[in-house]
Structure formats: C-alpha cells, structure tokens
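Single-structure report; data block below.
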Amino acid sequence: MASVEFSDLLVVVGCLAGLVVAADRFLIVGAANLALRLRMSSVLVGVLIVGFGTSAPELVVSVVAILEDQAAGTELAIGNIVGSNVANLTLVLAIPALFWRGGVKFEKGTPPEARSSLVAVCLFGGALLLVHYGHIDASHGPHMWMTGVVLFLCGFLLLTVKKFRSEWGGEVPREVPGLFNAWTRTLVGLIGTVGFAHFLVSGATNIAHDLGWTSGFVGFTLIALGTSLPELVTVLAAARQGRTGLILGNLLGSNLLNSLGVGAVIFFIHGVERFEAPSELPVFTIYGMMAVSAVLLVFLRVISRDRIDSREAVILLLLYGLLLGQMVVSATG
C-alpha cells in the first residue's frame, strides 16, 4: 500500500496557515488602502494587483513543470490551468456567496469586465480544442497565439483603466495609512501568498506521486486547488472584511492571466506539437471549463446581475463536483 511522507503533510498544513495570514492580514488590507490612497476603484485594484499577483503560482508551477518534466509536465501544466480556472469560477466564488448573508454583491460596472475574463477562459479552451482535434500545428500555432494574447491583454487593460478612470478622485480618509505603507503591505502579502502557495504545491505534488496518480489528474485536482488557494483565501478575507469589490476583481485578473498569460507561455515554451493528444486530461474537462464560464455569465447578466446568492453558489459547487467526479472516474477507471 502506498504511503505518504509525514514531512510533506507538515509542509501542506504549515503553508495553508501561512497563506491565511499573508492574504488576510497583508494582501487584502494593503490593496484596499492602496485603492483609497490612489483614489482607484477597488475592482481595478483587484484586477491589476490582487488578481495578477495571485496568478503567479500558476505561472511558476506551469513553467517549471514544462521545463523539468517535458511531456508529463505539459499535461500537468494544462491540467493546472484548466482546473484552476474551474475552481476559481466555482469553488472560490461560491464559498463566500454560500456562507455570507445576502451572497456576494459586486460593484456597479463589473459585468463588462466579467465578460472579458470569461471570454479569455473560452479562448484558452478553444485553443486547446483546436490542438486536440488537430486543427493547429507547430508551423503557425505558438507565435500567432502569443501575439493574440498580448494584444488581448493590452486591450483589456486599456479598457479597464479607461472605464474606471472616472471613478478616481475624492478625499482620502485621514485614518488610511500612507502610500508607502500600503504598497509595502501589499507587496509583502503578495510575496507571502505566492511563496506559501509554491511550497504547498510542492508538498501536494510529492503526496500525489507517492500515491501513484497521473500528471493530468494531479494538475486538475491537487495542483489546481493548491494554486487556487491564494484566490480562495483573498476572496474569503475580502468577504469577511466587507470589501466585496475586490472579490470579482481578484477572479477577473486571475482567470484572465491564467487563460491568456500562462496559457500563452505554455504554448510558447513547449510547442503545440508536444500535446496533440492530452490523454491524461480528458477533453470533457475543457468543455466543462467553458460551460462553467457560460453559466456564470448567465448568472451575472440575466438572473441576478450584481450578485451571486446561495442558490447560484450551490449550482456552481455542483458543477465543480460533477467535473471532479468525472475526472476521478476517468483517472481510476
């Protein structure tokens, strides 16, 4: 019977505690103070600072996995991004909506940026499907993908800054710490969150290998959940402190960079010809990621518009459970 090293379990538990402290006491407080000092919308801070910062684990894990483990590393990296996007759009968003009274209410003006983020997820999924079915090859795939990603990211950032520029201005409350203090607190929180996430993923990977799980399964489950922990912890901290503007901003920035930034790096470094048949990551997970994006967009634009309530949170959790269950059946069957 396979056994797990006690040291790996200790690393996982310790890093979980560190993540909570780094995100709750430093990252969220610093980002909120920074928003006030710079007279920004908290959603904009969430997209540019918190969201992009908490996506760093996905980038680091994916690049290291590809460079060190070649084909198996690519399976793990793709599984990581697909699983992380699914977890962000279901678990990370649903948990605070389920436990906080009234659900999670978003600031006015958020849905257009939500569309951009969800479109990014679908673009990444579409690219994977084109590779899977053989419609993209190495002769034109990586460079065109990379160029498109850069253009889309630049366009999104410009539109976001333009949209929220009108919200800048006003008095800065006297009790808000200085700009240097806010930047320092935010930076320390980002470094701590990313660092603890890195060691957490390392310990979880060792445990998975000890148990004999495949790279695609590890990427979609343990690695994705591990690299999504910064998002989950920051979202919970923001909800607890009543700073709900950071919640969707965090997920917008994170999923956008996961799909178009980290996804582009995967294509660029490894080349699409190396994963034409992702046997360890079933194609239904890619369709599932895109379906979750569509469901969430319906929630935001048609059903409740400015909030995710407990009923919608349950639906999101059920969707995640369905995909995870299918992944387990596929990996063990």
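Cβ coordinates are placed from backbone N, Cα and C, and glycine is handled just like the others.
Because the structure is a prediction, the values reported are computed rather than measured.
Noted in TrEMBL for the protein shown:
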| type | residues | note |
| --- | --- | --- |
| DOMAIN | 11-153 | domain 'Sodium/calcium exchanger membrane region' |
| DOMAIN | 186-324 | domain 'Sodium/calcium exchanger membrane region' |
| TRANSMEM | 6-36 | transmembrane segment |
| TRANSMEM | 43-66 | transmembrane segment |
| TRANSMEM | 86-104 | transmembrane segment |
| TRANSMEM | 116-136 | transmembrane segment |
| TRANSMEM | 142-161 | transmembrane segment |
| TRANSMEM | 182-201 | transmembrane segment |
| TRANSMEM | 213-239 | transmembrane segment |
| TRANSMEM | 246-269 | transmembrane segment |
| TRANSMEM | 281-302 | transmembrane segment |
| TRANSMEM | 314-332 | transmembrane segment |
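Long-range contacts of the transmembrane segment (213-239) within the same chain, counting only residues at least 6 positions beyond its ends with a Cβ under 8 Å from a Cβ of the stretch, are 16, 19-20, 23-24, 27-28, 50, 53-54, 57-58, 61, 65, 69, 72-73, 75-84, 86-88, 91-93, 95-96, 100, 104, 193-194, 197, 200-201, 204-205, 207, 246-247, 250-251, 254, 278-282, 285, 324, 327-328, 331. If one looks beyond the transmembrane segment (182-201) by at least 6 residues along the same chain, the residues whose Cβ comes under 8 Å of a Cβ in the stretch are 11-12, 15-16, 18-19, 21-23, 25-31, 33-34, 37, 49, 53-54, 56-57, 60-61, 176, 222-223, 226-227, 229-230, 233-234. Per DSSP, the secondary structure of the domain 'Sodium/calcium exchanger membrane region' (186-324) breaks down as 117 helix, 2 strand, 20 coil.
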